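To start, the structure under review is shown below, and the notes come after it.
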Amino acid sequence: MVLSSEASSAADHSAAAPIPTSSWPQLLGRLTEGKHLEPGQAGWAMEQIMSGNARPAQVAAFAVAMKMKVPTAGEVGELADVMLAYARPMPADLIRDDTVDIVGTGGDGVNTVNLSTMASIVVAAAGVPVVKHGNRAASSLAGGADTLESLGVRIDLGPDQVARSLNENGIGFCFAPQFHPSYRQASVVRREIGVPTVFNLLGPLTNPARPRAGLIGCAFADLAEIMAGVFATRGSSVLVVHGDDGLDELTTTTTSTIWRVQAGTVDKLTFDPGDFGFARAELSQLLGGDPQANAAEARAVLGGAAGPVRDAVVLNAAGAIVAHAGLSSRAEWLPAWQDGLQRAAVAIDSGAAEQLLARWVRFSQHV
């Protein structure tokens, strides 16, 4: 490793900082000229989108122009804050303040197995509370929600049910369409555009449970630092990761780049899994299939099957445990990784991960 230096309610949103008067021609004009937006303008645009006042063409133009201009952390933070203001609220008194998320932007175009989904179960089985935010597949064959559904987990639970799942099972799943109904129009436009836009960054930044820690995958190396900047302003303990093979995960085929966010600062590192004894994998060994195939792979890995997929799951689970450890100012990088890797492996080999999945399935079907 080398260090290189649904809306909560209209009332809730009205309590936010005032958004300056703007217009789509003014805003899009700045973006097409390659200029950054004035403070508040990105928030104004997202308010128009979430309130249903933006037309599809305006949403599409904004999404693409923002990506081409390259957004700033401030702009992306405004988009995420407005989206969260419209999200269905979680019962804050039931959500622990040390929860983690393991999620990626998607958009890497590789169609791997659902590593973050499997890793989430392993992390929860290791004793770290997980509230995962996710959706169905946009471009791949199976998204995290698709695979969880094939495993038997009900994905359409509401806020109180997810909170109960977290408290009783150590894990919960926030299905994005269930928690962000006001984002529906933008979601449709995003699918129709068919290319990555600034909206790809918002999923990992808008978990309605607002976890303070996480392993966040970013398929876009040029935008990962921007995401890290948003998390830094929130005081999060997060590892934003980009596989140097293009994956929005910690990869085992080569090195990964990590933006370590802790105590409001961002450090950029190169991470080599070989330093911890992981064998190099071929990308083809990590490829997935449809939801049923990915669910079968998940059952095998959680049941103790060895191989490249298990290695990648353990690595990503350990990364989330490291991020969780970063909530403490006493956490040290190498010892945290050694601890995380051991806990992830034990969670699988002891049967704890497999048992947790079974409990989660039973709970979700009867809640």
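All residue numbers here begin at 1 and follow the chain in the order shown.
Cβ atoms are placed via backbone N, Cα and C, with glycine included.
Feature list (source: Swiss-Prot):
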COMPBIAS  1-17  compositional bias 'Low complexity'
REGION    1-22  region 'Disordered'
BINDING   Gly104, Asn135  anthranilate 1 binding site
BINDING   Gly104, 107-108, Thr112, 114-117, 132-140, Gly144  5-phospho-alpha-D-ribose 1-diphosphate binding site
BINDING   Ser116, Glu249  Mg(2+) 1 binding site
BINDING   Arg190  anthranilate 2 binding site
BINDING   Asp248, Glu249  Mg(2+) 2 binding site
Other CB atoms, at most 10 A from the CB of Asp248 (Mg(2+) 2 binding site): 27
Cβ packing number for Glu249 (Mg(2+) 1 binding site), 10 Å threshold: 29
Cβ-Cβ distance under 8 Å to Gly104 (anthranilate 1 binding site), same chain, at least six residues away: Ser116, Pro204, Ile216, Gly217, Cys218, Ala219, Asp248, Glu249
Sparsest-packed of the listed binding-site residues (His133, Arg136, Arg190) - C-beta count within 10 angstroms: Arg136
Structural state of Ser116 (5-phospho-alpha-D-ribose 1-diphosphate binding site), classified by DSSP into three states: helix
Length of the line joining the Cα atoms of Thr112 (5-phospho-alpha-D-ribose 1-diphosphate binding site) and the residue listed as 'anthranilate 2 binding site', in Å: 21
Lowest local Cβ density (other Cβ within 10 Å) among binding-site residues: Ser116, Asn135: Asn135
Per DSSP, three-state class assigned to His133 (5-phospho-alpha-D-ribose 1-diphosphate binding site): strand
Asn135 (anthranilate 1 binding site) and the residue listed as 'anthranilate 2 binding site', Cα-Cα, nearest whole angstrom: 13
DSSP state at the residue listed as 'anthranilate 2 binding site', helix/strand/coil: helix
DSSP-derived class (H/G/I helix, E/B strand, else coil) of Glu249 (Mg(2+) 1 binding site): coil
DSSP three-state assignment for Gly104 (anthranilate 1 binding site): strand
